Amino acid sequence: MSMNSRSTPSGQPSQPLSPVRPNAGHDDDNNSVSSQRIRKRDKIFNLFRSSSQEHKAKNTGSTSPKSSIKGASAASTELSVHHFSTVSTPESVDIEQAVSTTAVKSTPSIVHPSTLLTKPRLDVFSQNVNAPAVRIPLPAFGARIDTTPQLALCIGLLSKVHDAVGQRKDPSQDLPSDTAARLAWVKAMKQDPTERERLFWLGTRMVDEFAKDAFKDSTEIAEMVLIGPVMNMEHYRGLLSSIIAAFDHSVILSVDLLQGLVQLVQSAPPESLLSDDLVKILRLLRLRLQDTHQQSTVHPFHLTLALSRVLDVMADHKVKDLSRVEEREPLSGVLSSLTGSSDPYLMYQACYAFQALQYVPDDETVLQAVLRQSIGVAGGLVKISAVMKLDVGAVLEGLDKLQEAIGSTVEIAGTLYEGFCSLKESGRGVFDSLKEGYGSGKKRPWYAAVRAAHALAHSGQLHDLNRLICMAPCRRDPLFQWGICQLLGEIASDDIWDSPVRQQAVELLGDLFQNDPLWGEDESVRTWMLNISGQLGAVDDAAVSSSAIALVKELQQVQPATTKLPYPLRNRLPLPTSSPTLVKVQKIPPLEYDLHRLRMLRLKQSHQDVYIPPMAKPSLKAKDEDIFLLMEKMQEFLAGERQVMLVLGDSGAGKSTFNCHLEHRLWTDYKPGDPIPLFINLPSIDHPDQELVVKQLRIHSFSDDQIMEIKLHRQLILICDGYDESQQLVNLHRTNSLNQPGQWNTKMVISCRTQFLGPEYHSRFMPQSEGGHYDRPAPHLFQEAVIAPFSKAQIENYVEQYVPLEPRTWDTKDYMDRLTTIPNLLDLVRNPFLLSLSLEALPGVTEGKQDLSTIEITRAHLYDTFVNHWLDVNKRRLERNNALSMEDRDMLNQLVSAGFNSLGLDYATKLARAIFDRQEGKPVVKYVHLSDKNTWKAEFFGPQPEIRLLRESSPLTRAGNQFRFVHRSMLEYFLSRAIYDPIKADNEDDEEDDAESDECCSRSLFDVKGPLFRRNLLPESSIIQFLCDRVKSNPDFEHQLRAVIDLSKTDESAAIAATNAITILVRAGVLFNGADLRGVNIPGADLTEGQFDSAQFQGANLTGADLSRSWLRQADLSGAQLKDVRFGELAYLEMESEVMFCTYSPDGTMLAAGLGEDGVDVYSTTSWTRVLQIRDIGLVFSVVFSPDSQQIAFGGKDQTVRVWDVTSDEELLAMKGHTEVIYSVDYSPCGKLIASAGYEKTVRLWSSQTGECLLVLEDHTRGVMGVKFSSDGRQLVSVDGEAIIRFWDAETGELVREFDAPFEINMCRAYSPDGKWIAFTQGRSLQLWDAVSYEPGPALQGHTSDVKGVAFSPNGQWIASASEDKTVRLWDASTGTPTLVLFGHNETVRSVAFSPNGLRIASGGFDKKVRLWDLSSSWSSVEPEGHRVDRLFKAAYSFDGLSILGASDRSVQQWDSATGRSLPNAFQFPELVSVRDVDFYPELLSVRNVDFSPDGNQIAAVVENSYVQVWDLLTCAAGSVFKVEQFALTIVAYSPCGRWVAAWGWKASIWLWDLHDTTVKEHHVIIDIENNGGFGRSTVTFSSAGHQLAIGFSDGSVRVFDPQSGNLLSSLQLEQEAVGALAYSPIGQQLAVGGGNGSIYLWDGQSQEPSIQLDGHNARIFSVAYSPCGQWIASGGGDRTVRLWGRWQEGELEYWQSKCVVRGFFVDILNISWNPVTPMEFVTHGHGESVRVWRVSIDGESVVVRMLWGFNKRILCAEGLISKDATDLSPMNQKLLVQRGAVDSSLVHEGEGSGA
């Protein structure tokens, strides 16, 4: 069914009507059939035709101005309600296309001659008046609503008039007093949204209450008739549904309910009624009428009347396609059955209903549709609206045109309407005409005229109504007269009209009888008039009653008395005399009132004196520079479709601060009806996994009814703070069924500390997918952001806001000077909470300190200072408090005497310990004295003066009966003090100077009841962080923890403590290289990235320990317990040839790999043994499992798609058809189809059961590189060599879409599980394409070489990519940010695949390996203290050998060469560089290469491949700039003497600048490649004195120059070997040349041949370095080993021998540098930005090399590890260790020395 809706045009003022002019023309008779038809047609025309032009020409009357009923305008506090139960507001009245708006041609009208004798009066109703209304007093603003009519009036005003306020500067000007009062009232309402919401809430609650009430009396129904039309669509429709249901279920017909239903339909708000509603109501009425019409006539009359009114509405709304068979014919039959009734009133209503039915279109036949076109105006005639002004002239014109249309229909239809004749011509009355024409389906004009008359009356156009009655073309029709008489009777009987109007209605009724000979020609009409007058004689109004009685007497003279009218004239519900439903809901407090109260409370509580908008990055692993304003991203989230926003950050990062600010902002902007912000402190809620919202709303004192109201009708913005503190491990969004059907409509913002997260943390926050699948996450509904540390600008902004809060002696500059001067403090206070602590603590920290650069501050130190400051302030506050009682004063004095701060620290420390012991660290403590006075809580919250004073002085907050520390980190800080109290430790040291250190610490650490021994601290990363700080600042604490570890060797009860201790030490960066850890008992220890070079673990209990990325080179694990130990990765699978493709089976039990040379291998993922080997099929590019995991399909170089049974090892199908290489194969999700992509430009679809080729898709223009089925199997996507993406219908093969990608793509790689994204490879990037909108999505960039493989995780959260850069990278699918880089492959990685559970990744490449990555271990969210750099160009010792300098493209870092501890170094490359004496614009700095000056005071850098810039490392001042025109530079180097700076490029000359000559800045060309054969340069080095410059070339030549003169001094030529490295001996007499094939040549610089050749490396040498003593050479290169060569001399003969080989590197060795001061120590720098420092020791003939420290290892090192007799080591881990270089005692490397 359909319904047409139109906008309502403004009504036009009525026009005067002209009197009817008779037409003397008559048709001639004709005896022919044709003439008879024409005559019959013409008679119809003449009967109804009337010219509106003639009416207008002779009309002398005019429309009087409208006046108020009952005298003057209404009082300003009153307003009216229409008698149709709709609220009256200042609107015009209109009819929608009731008549044709085009001019009607004037034609003569035929009028019966009798009309010329006497005429009815046109001025009985002398003027148009206001629409009838009942006066309802408008309540005063904010007053209680007493009655339902008042409430309907108010809601109606707010709904319909409020727009007028904004259109007038002064709404009271130029308006009637009542209108001005209305507008003033509405304007006041607009200023108070809470009051406005209260009114709407009352109406809504009344509707809900009515729906719940099973018994509905007439008063309640009348209330709803008033309220329904002023409600919004949702509540109106709910009310309508409840009344329909009540009517349908009623056994006995309720006339009140029936009338209420009809009135509700008649007064429906715009767009609120649907066609289906009306059809349903019509069907109900028809069925009820069908069941009751043979009983008494009372119920059939009311039902028929209701049918008439509903059909009127259906005609108004142009309901279409009413089923003729199911609805129209049955209804016509029921109405026809009423023709036998003896009740004329019932028959009239049946006739009216039948006519109304004709104006409701149905699903008619073609012939009927053609005929209907000839009367097009008829369909639009009856759209009558009671709230719009009618043009009565237009109505009459429309009726004229309707008659013309009817006449045309007769002419066109011929005999179809043969029997039709007018009532005038037949001379029969209403009974006969009704019986004759009931079923003919004709539209009668009287119906339209009666509808127009009702519309005029409803709008108060009574004068126009008078003229319509007297001049209507169909006014002689008895049915028209019946309808008009009934209308006049309703006006006269209804007290809603003024008494004069009612009298005029009686008068007009009498005038029609007396002066209109055409009126009452039918006897039934006269009888009807008599009955109406009789009823009017009994009304309450005396004047009306007298007039009616007089009329009855007059009528009775010509019309005998008949049975009185058994039905009331007024068929509508009266206004309710009481308001029971309103009274009932008034007892429920309005929701917005309590929301307003909550808003005021939360605005006060969430206010912050200092707030800095935080920046954030899109994920944990995103780059630090990928940041955005968090609030902007939050606004996007709130406005979008996503449901959960996870806000992550370190402890103190500002998560709670942001959440409070967000709440404050939302409440500030809140308007009634907006989403409700609800801040939830998760730790304060018991069991937040269930009924979270209800519990929080009850805390705010909302009633159950209000909670249900919010749940059903409002949206909430849940700001859930402290997920980590609530100790939850479940998904609160899912357990609370948020955003599920019938549940809470929410946006959830939830915050959590990053330290609390595990590798698969998204599952705890991600919403479920649509459709209720709780096991299917929905990444598209999830978003996250990680709060970034403060920048320096944000810190300064914070300080600027902080300083004015209280009187201070420091200003912003003072604070910033201290923050920037104290080493590392600026980095520390990038954490907002630490910044707030430091600002409070700084005055005390710096007091009395002259040299601030010597101050060392850690996080723990800041907390120490802050807490002492807090206690000092509160002690002074108490001392100044004169209101203290005597008892409290005495206790305070005792506390001060005993050490107030010490007691306060002890109180808070014990409380923190109790919170962890008694309630598992849940930070909120609830204390109610009566119930808790005998519990542990009384010790801390009891009423005793000592407890109360200490509690009030501690850093605690209180909310009612809930207590907590001011910040979660404060709780953790105090628990860390329970483990190690620096004050007590210092006191013990002072008291027991003579005692041994281990015994000294035993009392504090060896307490077996203490948290170190009883609590696993690994999940409490913040506590561990505090203890790490203690380790760094208190060396004794490190010794004590080591003692605990040693204790575990003999005391099993120390296992937990030892596990905690070694975890703390490893995270603090303590090195265990060479440590004696034999027999330690440390199960479950986190040793991630720990350094255990040559450590002794024999017999240790390492059960469940995490050794991911740890350095275990030459560690001895013999006899150790290694059950469930984790190494962060699995053993790789060694293949026979290059791996082109790898994939998991859908059930996860198998992994298949396609090989580059020949075949496919399938492995069991349980045992990792090969279960299937397929050979003799050539290179395989693509392998895919069937959905049931029973078969594999693959294709490759042999141009055949093969299907293989993995269980029986049998080839099932060999599908031929491709004529070129097959690059891609894919199964459809159902498993019935296989798609293959061939280089011959086709995609083929095969039956997986028969092997038949079903479709060939041939529209490609180049070879097809990839094909994939969509997730639902309906589409295929392919991409060819021209980067054209095509989408195909998988069933028909039809091309659906085709796109020429706006980027170069290589291959279609993967569909996301939800079908939204397709991933393509695009050079070094991944390009995502939206498979729904067919638009390109984000490009994922990060690889340094081409991407070859892509896979989506099963849950759609992650994307894995494989690349030629030898890495596998993991990306966040929702943000496109990189999250993890996996190193391990030695060659190009071709393919990557996720396991079905998403916990593992398999990757295969050209190194003939399939590597298996364990994401749960590889993705540690907590990393140990260490050093991270993005990209190191160089690592070298400082001139004094005490530190190591490392230069990246951003900064210079410095580390202690002995310990690896980071040292202060403030040098940062500037973001912008202004280059002096260089004519180009400043631009973003891009550093390409660097070198340090010999004295370590300067750094030279190649910038933008264009010039060399020098900076002072101490002052950061820019120095000299050296530029070479038109040549690209890549490398820069200082000479050891510090005089020269050299720069060169890959294919360019070498330039020198003399730093000693400051007057000359021009470069000196030492060699011009273009003039020297054009061969490429390889490496350059200076002699130690700087008097020689050696250059090695790729052709194997070495040339030595004088840098001063540029003269060639000597040269050397290697045979078929490029030069890879050069190094001069310390005295410059010997040059070591590293060759491209792995040999090292020692040359004296004079002879034609090298004197010594050192062989051992098997790949290119990248670095060679002489020791300062000249007796050792260290070399490294592409074979990823470092070799140590020793020199000895016999006589004049010199000998060199390889003494030691250092293995365990995973990258090429680019740089080796010896310590210039400390003997036998060197540093290595690898391609993977790894830096390691080594110490060489000589034990007799053995040379041992051990690592001192290192960082950026990124991968497990087990080179030389011994695991003999280790227990419970899994076969997979055992295989992994062997692959990583572990050995048994029977296996040793053949080589020189024990460095192997």
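Each residue, glycine too, has its Cβ placed from N, Cα and C.
Those TrEMBL annotations? Automatic predictions, nothing curated.
Quick caveat, the model's predicted, so the values are computed rather than measured.
Marked as compositional bias 'Polar residues' by TrEMBL: 1-17.
Residues annotated as domain 'Arm-like repeat' in TrEMBL: 185-538.
As a whole-number mean, the pLDDT of the domain 'NACHT' (644-803) in this prediction is 88. According to TrEMBL, the feature domain 'NACHT' maps to 644-803.
Sequence annotations record features per position, and here TrEMBL assigns region 'Disordered' to 1-75.
Remote same-chain residues near the repeat 'WD' (1180-1214) are listed as 1140-1147, 1149-1150, 1152-1156, 1159-1160, 1162, 1171-1172, 1174, 1220-1227, 1229-1231, 1234, 1236, 1238, 1244, 1246, 1248, 1250-1251 (criterion: CB distance under 8 Å, separation of at least six residues from the stretch ends). As annotated by TrEMBL, repeat 'WD' applies to 1180-1214 (among others).
Look at TrEMBL and you will find 1215-1256 (among others) tagged as repeat 'WD'. Same-chain residues lying 6 or more positions outside the repeat 'WD' (1215-1256) and placing a CB less than 8 Å from one of its CB atoms are 1181-1188, 1191, 1193-1197, 1199-1203, 1262-1269, 1271-1273, 1276, 1278, 1280, 1288, 1290, 1293, 1307-1308.
If one looks beyond the repeat 'WD' (1257-1298) by at least 6 residues along the same chain, the residues whose Cβ comes under 8 Å of a Cβ in the stretch are 1220, 1223-1230, 1233, 1235-1245, 1304-1315, 1318, 1320, 1329, 1331, 1334. The repeat 'WD' annotation in TrEMBL covers 1257-1298 (among others).
Sequence-distant contacts of the repeat 'WD' (1340-1381), counting only residues of its own chain at least 6 positions beyond either end whose CB sits under 8 Å from a CB of the stretch, comprise 617-623, 626, 762-763, 766, 776-777, 779-780, 782-784, 1141, 1306, 1309-1314, 1317, 1319-1328, 1387-1394, 1396-1398, 1401, 1403-1405, 1411, 1413, 1415, 1418-1419, 1754. Annotated repeat 'WD' per TrEMBL: 1340-1381 (among others), in sequence order.
Within its own chain, the repeat 'WD' (1382-1417) is flanked in space by residues 758-760, 1106, 1108, 1126-1148, 1151, 1153, 1156, 1165, 1345, 1348-1355, 1357-1358, 1360-1364, 1366-1370, 1706, 1728, 1754-1755, which lie at least six positions past its ends and keep a Cβ under 8 Å from the stretch. Here TrEMBL flags 1382-1417 (among others) as repeat 'WD'.
Nonlocal intrachain contacts for the repeat 'WD' (1487-1513), taken as residues 6+ away from its ends with a CB within less than 8 angstroms of a stretch CB, comprise 1433-1434, 1436, 1438-1440, 1445, 1447, 1449-1450, 1452, 1465, 1467, 1469, 1473, 1475, 1478, 1480, 1519-1524, 1528-1538, 1541, 1543, 1545, 1553. Look at TrEMBL and you will find 1487-1513 (among others) tagged as repeat 'WD'.
Under 8 Å from some Cβ of the repeat 'WD' (1612-1653) lie the Cβ atoms of residues 1578-1585, 1587-1588, 1590-1598, 1600, 1659-1666, 1668-1670, 1673, 1675, 1677, 1679, 1685, 1694, 1696, all in the same chain and six or more residues away from its ends. According to TrEMBL, the feature repeat 'WD' maps to 1612-1653 (among others).
Summarising the annotation, TrEMBL assigns repeat 'WD' to 1654-1685 (among others).
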Please list, for the repeat 'WD' (1654-1685), how many residues fall into helix, strand and coil according to DSSP. 0 helix, 17 strand, 15 coil
